[in-house]
Amino acid sequence: MFDKGAHDRDYIDSTVVIARASGGMVRDKTTGEMRMGGDQKEHHTVSSFRNSMMYFNPVVIIAGDQNPRMPSKVPHAYCVLDYFKGTHIWSEKSGGYIMHRCRFEKFNATKPSWWQAQGTEDSVTLGALAKPFKQSCKHCGTVSEQVYLQGWMCLQPACESFWKLPPLSSDAEGLEPDKKSLEYDPRFLKQKTRWPIDDSIYPLTSDSASLSNQSVLGEDCSLAYWRGIMCPYCGRCNSRLHWTAWKCENKGCSFFKKVPHAIIPPTSLRDPYFPLSTQYTLSKDTHLLYVGLHVSFAHNYRINKYTIPGIDGFVVHMIANQTVIEEPGGADDMFVALQETDIGLRRRALKSGVLKGDNYTRHFLVNYGMPYKFIAATDSVSFEGAVRPVTDTRSRLNWPAKYILAQHQGKPVREIEADWKAKEFNEVLALGYFEDQKISYHDDGESGLGSTIATLSLGAPGTMRLRMKARHHSGISSKGLYNDNPPMPGCDKYDAPYQAHLKEVAKDLGFTAARNAPDAISMMLGHGDVVIMHGAAIQKYYEHAVEHEGKLRFALTCRYIDPDSLPDKDKPTYKVRPNSGNYDGAAVGRG
Ligand SMILES: [Zn+2]
Ligand SMILES: [Zn+2]
Ligand SMILES: [Zn+2]
């Protein structure tokens, strides 16, 4: 993909594209000019370019409408040019750094190039000129083609004559070229590279919307099905934004296609090597030694309770057994019900992004009850008329949250009942994950949120990891700013006395860069498991991420959101009534 931020000597005509292979440009802090952001290591774009060349794999080039080198004005923000073959890759010096540049040649030269300026013809057909000039390097012996008109240069970065024009006299030193004046040698530029599969025609469109078109278990939740399609009516590339259907986002285009879904039966989630029973389920969680663990067993849940020294609060993983999973209205029933109803799960637009146009969350979500800060108020839905799995979630998560809080305070549940009721869960955030959709490290700490968050996990098994945030772990932010929060047990260099932390500059302590902390807790979330996080400090110092294996997973999270914390524009237009369900996990299985 090539868009704005073109480098000097980037080049596009109707048959040849030359661009740098990798390494983003950065704006120089002092001059404000764009320059290379550091020596280019063997970046994945370089290796995929090499693969294109060596395996004869043509690649598709996409150009943005802000690319200043395009020969004509292109019609859309991003446009697919065509298949190209990678033909040359070489090294150059740029601002003291070494960078890669590569040349692409149109794969099927018999096809017209739609991006060619109207009414013009290519002055030179590929291969019509003399062969490129070749020379071997006096120092390293490498034979290479002459790329620039100014003269042949050795383009091996390890060679002492790298990026130097030949000296004028034999005893003089070679000189680096004046970059501004460099021009491609037409013999190099317009050469034709033969491939055994030249001029084949490969399709440029994806057709995943019509993969099998049958109800194959989990197919509609697979990566191929949600990754994106080209609209069969208008040609626009669309992300899969709807939980149950494809829809073209082009205004005026009517393409809409429901995706057939075969219910994934809960029994298919069972792990034959880890059989589920009415006994307490075994644990697969792990944690670092500095984390405290207390295990208890109650009401069909194994309760792994984690505490972190220096942090006021806890994380609890309640691992469900067969009795709760299979009870009427339990995890199995909810998992099926969520597949039978469209509860409004959508991928939502994110505020910022590198690409033009809307960026979307990777996963699908919908918010019920009190609007959650990250979601536009208009996207929140009332509990009134909501389907069972949504209303049940609130009731089913109020119970374990109360139970765990009471246990933590060493009181019976009835003693905390009144306090809890005043700030009971008033929001359900439902997240739906298809294959390969994960949520990366983040925290759930927002002003106006209650200190207890409970999540019910349904479907494919997930892994939730918690780690200390890098700036607390390393005592320094990614921008190199010293973090003056007291160091936490478990962080890097915790043993350095706190006063010394405060007195010394970060550098003197050897805090040179923020590094990611190892995962302190890894919880294997099974179908029906509940996670409860309690305490603002956990969100302040720690972050968590969740990924899952399999085709379909739901996470239903309950919070208390203080209505007074919402700005007027975000206040709900409906009334958020108290929870009317009275689920009691202590009564489950009593007959
Ligand atoms: Zn050389
Ligand atoms: Zn369309
Ligand atoms: Zn979270």
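Cβ atoms are placed via backbone N, Cα and C, with glycine included.
TrEMBL lists 419-551 with the feature domain 'Alpha-ketoglutarate-dependent dioxygenase AlkB-like'.
On its own chain, His544 (2-oxoglutarate binding site) has Tyr441, His442, Asp443, Asp444, Met464, Arg465, Leu466, Arg467 as residues at least 6 apart in sequence with a Cβ closer than 8 Å to its own Cβ. The 2-oxoglutarate binding site annotation in TrEMBL covers Tyr433, His442, His544.
What TrEMBL records for 567-591 is region 'Disordered'. For the region 'Disordered' (567-591), the residues of the chain that approach it from at least six positions outside its boundaries are 278, 299-301, 323-324, 327, 369-371, 373, 377, 380, 382-384, 391-392, 394-396, 398-400, 403, 413, 421, 424-426, judged by C-beta separation under 8 angstroms.
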- Quick one: largest C-alpha distance among Tyr433, His442, His544, binding 2-oxoglutarate per the record, in angstrom? 17
- Item | Secondary structure tally of the region 'Disordered' (567-591) (DSSP, helix then strand then coil) | 6 helix, 0 strand, 19 coil
- Tyr433, His442 as binding-site residues, winner by CB count within 10 A: Tyr433
